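Here the structure is laid out as structure tokens; the discussion comes afterwards.
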Amino acid sequence: MALEPDQTSVDSITLFVALLCSCIVIGHLLEKNRWFNESITALAIGLCSGIIILLTTEGKRSHILVFNEELFFIYLLPPIIFNAGFQVKKKQFFRNFAMIILFGAVGTLISFVIVSIGTMQLFKKLDIGFLDIGDYLALGAIFSATDSVCTLQVLNQDETPLLYSIVFGEGVVNDATSIVLFNAIQKFDLSHITSRIFIEFIGNFLYFFITSTLLGVGVGLISAYIIKKLYIGRHSTDREIALMILMAYLSYMMAELFNLSSILTVFFCGIVMSHYTWHNVTESSRITTKHAFATLSFISEIFIFLYVGMDALDIEKWKVVSKSPGTSAGVSSILLGLVLVGRAASVFPLSFISNLFKRSESDKFTLKQQVTIWWAGLMRGSVSVALAYNQFTRSGHTQLRGNSIMITSTITVVLFSTVVFGLMTKPLIWLLLPSKHLCGGVSSGSFDSFPSKLMTDLPLIANGDAEVGGNNIPRPTSLRMLLATPTRTVHYYWRKFDDSVMRPMFGGRGFVPHVPGSPTEPLLH
């Protein structure tokens, strides 16, 4: 009996939500193992579900929902990127901001150039179908978007703060840069590239980057000022929580409205809101918002990987590709090879340049750390899939042979890199960064060693901030040591400006006056 359209969508959504619940439950059962993260679990369940649906529909389709680029970019991506900015350790992020931008922006541009030129040259030898220069440049942006979730789940944020900060920050800036590049490519006619068009392209890219960042900072500051002045939490914590969530989403939609990079906007809005707005709300609202943002991000990521697993078996695309399986395998192999080469060409030379400007040997990137950073950027995930669908499909469907090959190859690279590289991440990092990064410490669940660990790491925590620990921190005893460990850093001057100008106006830790019903700072023991 044929179902009505409304009933069909209800059945599809019900089944998809049930699969999301199963992903969470199975992911929890595999939590102790840590070989399988949520991404791999969702992909595996999606593949199994796709096989079952394919069999029950007699080979007509493999998924219960049709991919919609608007669904991804408007509803699923914002909570993922905002939570990344909201949860980031700002001290480490901005202390290493130059290196993060070096790897995240410059490194992405290097990878973009290598993948674009490589596909342009190597695909000519394969019978793919029609692809213009815009498609090749789009491929460069698509396969420059990294997914470092697997590496971040294994790295210990407390044991390797520098490495964790670099990998995390570079991953977010990398995704934003890839999307900005992709949007810039779509706005220009690149069939005849001239010096004028190239300069306009670079100018457009920088304009997107700067204005998007300023918009995110502006919306975040407005939210902080409103909540600080009105003390909404005195009457209703629901209102201040709702205002925070809606202001965060408003920053994303305003960037879309003005044709800016919504990824950069919502990321920096998250950073500003965690620095000012979050400290202006009541204690109960702080706990609620922190978990609410993390939960929305978690569900969005699981949703995307579950769909990718199902769509990997989409019969519509594979029918076109099945006529020339050798071509499809060749395209996937070339793309995977270019990803490896492009990542290496960006990480190792940039690490070498970064080490030249560091005076202290302890601050320089070792070869093992460089390999870890290189490996962290090899996985391809949700952003690559969404950009590929945006470029090569129309509402999830494609009829052209070249487009079908590009979609199936993208899914193949995402599946291979996520599953194979993801499973190899834990033993590789265990080999490169032994023992202390994968066992012991606070993050492993044992708090017995917390006081001694805190006292050991105290000088590192206090570096560049208030004098925690007083006289226990060693002082420079010679001119050479003073030059090697400067006492005045960018972070130092920012803290002075922040404490004297920004926090009195927008609130923040320790700068909210005590009013009945307003937030109070807990005492630090």
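For all residues, glycine too, the Cβ spot is worked out from N, Cα and C.
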Which one of 42-59, 168-185 shows up in TrEMBL as transmembrane segment?
-> 42-59
Interface present between the transmembrane segment (100-124) and the transmembrane segment (330-352) (three or more C-beta pairs under 8 A) = yes
Taking the transmembrane segment (42-59) as reference, which of 205-227, 261-279, 291-310 has the most Cβ pairs under 8 angstroms?
-> 291-310
Counting only residues at least 6 beyond its ends, the same-chain positions whose CB falls under 8 A of a CB in the transmembrane segment (291-310) are 16, 19-20, 23-24, 27, 38-39, 42-50, 53, 62-65, 67, 72, 75-77, 79-80, 82-84, 86-87, 149, 241, 245, 248, 270, 381-382, 385-386, 411, 414-415, 418
